[in-house]
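Chemist: This is the structure I want to talk about, given as structure tokens.
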């Protein structure tokens, strides 16, 4: 064996030998055998697997193209068989190309072929095309690196800024005055409970695989599928736009109040808020246009301002209040004020617990701010759990502390009038807590005209603080940072939704710009929506509406986590383990309950929108496969029900014709598919069996099964497709009869197409076809054979290979017919993309009749199939006529008995005809035509010299001897006569069903084939030869 080629004189013992692809002046790339030098391996008998090195010999070109050496180590078993590595699993990573593993065929190739294959994979440039070879980075031009954030700046700070919103500074003190300190804590902790459980669910989902951009929408849609994810994506994006308007209005209100302090009025109080809001949101839009880098710098500035304002507030609570502050109800920390403010004091129409809850809850909705920009995080799986939970903890602490401090320092009512100070000890007639502190606010309390205090002034935090305008700056920072965060989050979620193309006319907003793929168009749309709500200028109304949108999103996020956990899917492996499926379920339930407790009409409106959007996506069936938990749940349910069904005994009342249909490729026999689908859809099992001959196996494309399943789905046929490779039709059908199905979901009826070309086929193919029928009855299966006037197979339209069990074999085909493997494979794939060919079973049948010739009692399948057909929209106007055999003397009695039987079966088949002339001799011309049809298959014993009769029978078992023809002559005449009756009565029927005669074991296959042909010939409508397995499939009993 050769040694490793190297420019060096020897190899170090510690260096792993490598296979090197090189490009130099000596010639094209070379592959050197990967064996070790025996001298270098004397002390170690274990051979270390080689490493394939793919490199470019031009270092300057390598640097320019940004390529690097690719090390791909082979396994112990084979050079091509590689060890596990990330590149083979990176197909879902953004901007990364998946690296395919060598196929099983390549791995099974001979050693010489393996070496030749490795040599062939190199190119003149020296870049390997082995699986995973090359470098995708070197194939694309150098692009600017996008900005990526860690868990502190990307998630925690962003979430804290969105949670510290306008509610904290403008509504928390008012909520404390209404609900009291205790209930405000309850409201805060209940909100935190919902958000904490949701954060745990988010953390679990975010750590179950790579999360790209899209935030809550991406998580829900990839967990519950597009039907649920699409509606939530729309609603959540809209909710973010509304939240942007909410925080912008809060900022505008503060600016308006500040302007009033300096006697500046542009129009009036309401319109000033609108004007400032429009200007503010426009500036925020421009910041968003600048990109995530500038947006993050603005958020850092806002965060610093907020921390300074909080410090200013807490310092102010310890500063002894001045006379002016005392007149406004601020008295620093006092136990009597704290005790008084512990209990609620509901005032006005909004004075109730759930209304306060609804107004406060939007202050906690910022927990998704970090997840919504998951595409801009360095490591979303680590950053989202850590940053979100830390943000919830610190903001909860701040809300609780501010509630206690402001409730311990400020009374509920104060006049702000310095003259209300009490001089002396005269407190007679004084009302309110201020009396104990030397202030008489009785007049404003009784007249309800107090302008200061917790219950009347929304600027309490600023008045308590050490420097008022620092709190104003904090309000600015909180409201602007939240507004900016929602303005960025909403469009990024909406952009991901638009890229998935679940709804029409939104693809326009999917386009991104710049190195961070900024959704500029979605920014503009969010800006327009925010403007519309800013013009409403009602903070409380918008807050209640937003609460429902976000609660709905929280509920579905929690349900996604619960559903993914309960389905026990092997793909659900979150690296974040501190969650529970039951807490997730609790979070989902409590979110929905809170929606209706807050504002029931908004909850109903939200669900109506969700259901409408859900219905649209569910109707269109988007062609996406995200491996959702719904798929896993469906599998679990199907498996559970299938297993449980196996323990239930069959009952005649629950009999369903579960059909194995030998269609071949279903797109080549659409009439057979449509016929069976007409009575099995939504009722019973249908399996399209495709028996692929061994010689045609290589001509089938590997993706053929998927294409044919897509063809069935496009045709809206609810059927499974099962290809099976066999040497003959009979062998394949026999195996399918035994192995198809699962438990009770197993076929009980075989459906065949009629072999219309039997006269021109080889005797072996006829024998194969008839033996398939024999095997069907031996397996205790029911049987249906469909015959169409123009035949079933449409493969001539496409010039493709067909199953020789149904079509002429090679001996009777034209010499110039070509069927190369490549052409056959291409044709099958092209057929799937052609328009669906319409068959007679897809047309409305009008008021024609379905004629049933119930010649033999087979258990009732002959009646059940037409009944199931009449339940379909296309067949419901067809009347079923039943024809039975009888004699002329008892005709009326036989008819009445049959009508009574049909009534007891609860079948609305009242048109019964008794055929009294079925035993008459057939027309001589028709009988002569039958004799001519079987003449080529007759065995003429007297013309064979030197060959015994037994030898002739063994060499041609399908042929009909004169003795056999005479023995079955009466049966033959009756079938010819029955065909005459059928043609006379059913020329204008929509469908004819005839009882299939059961073949005798000594009946030659050619004779039986001729009987089937005779029974069904001469009709322009579809004819079905049908036979049950002699067991009841319909009953008139109720148990």
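Glycine is no exception: its Cβ is also placed from the backbone N, Cα and C atoms.
Unlike curated entries, TrEMBL annotations are predicted automatically.
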Chemist: Any idea which of 429-451, 544-566, 636-658 is down as transmembrane segment in TrEMBL?
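Modeler: In TrEMBL, residues 544-566 carry the label transmembrane segment.
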Chemist: If I go by TrEMBL, the feature transmembrane segment sits on one of 467-487, 488-508, 677-697, 698-718. Which?
Modeler: 467-487
Chemist: What range among 391-411, 727-747, 748-768 does TrEMBL describe as transmembrane segment?
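Modeler: Feature transmembrane segment in TrEMBL: residues 391-411.
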Chemist: If I count Cβ-Cβ pairs under 8 A between the transmembrane segment (149-170) and each of 228-252, 353-371, 391-411, 467-487, 544-566, which range comes out on top?
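Modeler: Maximum Cβ contact count belongs to 353-371.
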Chemist: I'm a bit unsure how to read this: which one of 228-252, 298-319, 520-537, 586-614 has the highest number of Cβ pairs shorter than 8 Å with the transmembrane segment (391-411)?
Modeler: 298-319
Chemist: Quick one: find which recorded stretch in 182-208, 228-252, 273-292, 544-566, 586-614 has the most Cβ pairs under 8 Å with the transmembrane segment (353-371).
Modeler: 182-208
Chemist: Relative to the transmembrane segment (182-208), which of 520-537, 544-566, 586-614 accounts for the most Cβ pairs at distances under 8 Å?
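Modeler: Most contacts with the transmembrane segment (182-208): 544-566.
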Chemist: If you average pLDDT over the domain 'Amino acid permease/ SLC12A' (154-660), what do you get?
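Modeler: Mean per-residue confidence for the domain 'Amino acid permease/ SLC12A' (154-660): 85 out of 100.
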Chemist: If you count every Cβ pair below 8 Å, which range out of 273-292, 467-487, 520-537, 544-566 shares the most with the transmembrane segment (228-252)?
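Modeler: Comparing 273-292, 467-487, 520-537, 544-566 against the transmembrane segment (228-252), the winner is 520-537.
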Chemist: Using a threshold of three or more Cβ pairs below 8 Å, and leaving out pairs closer than 6 in sequence, do the transmembrane segment (544-566) and the transmembrane segment (273-292) count as in contact?
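Modeler: No, since the transmembrane segment (273-292) and the transmembrane segment (544-566) share fewer than 3 Cβ pairs closer than 8 Å, they do not count as touching.
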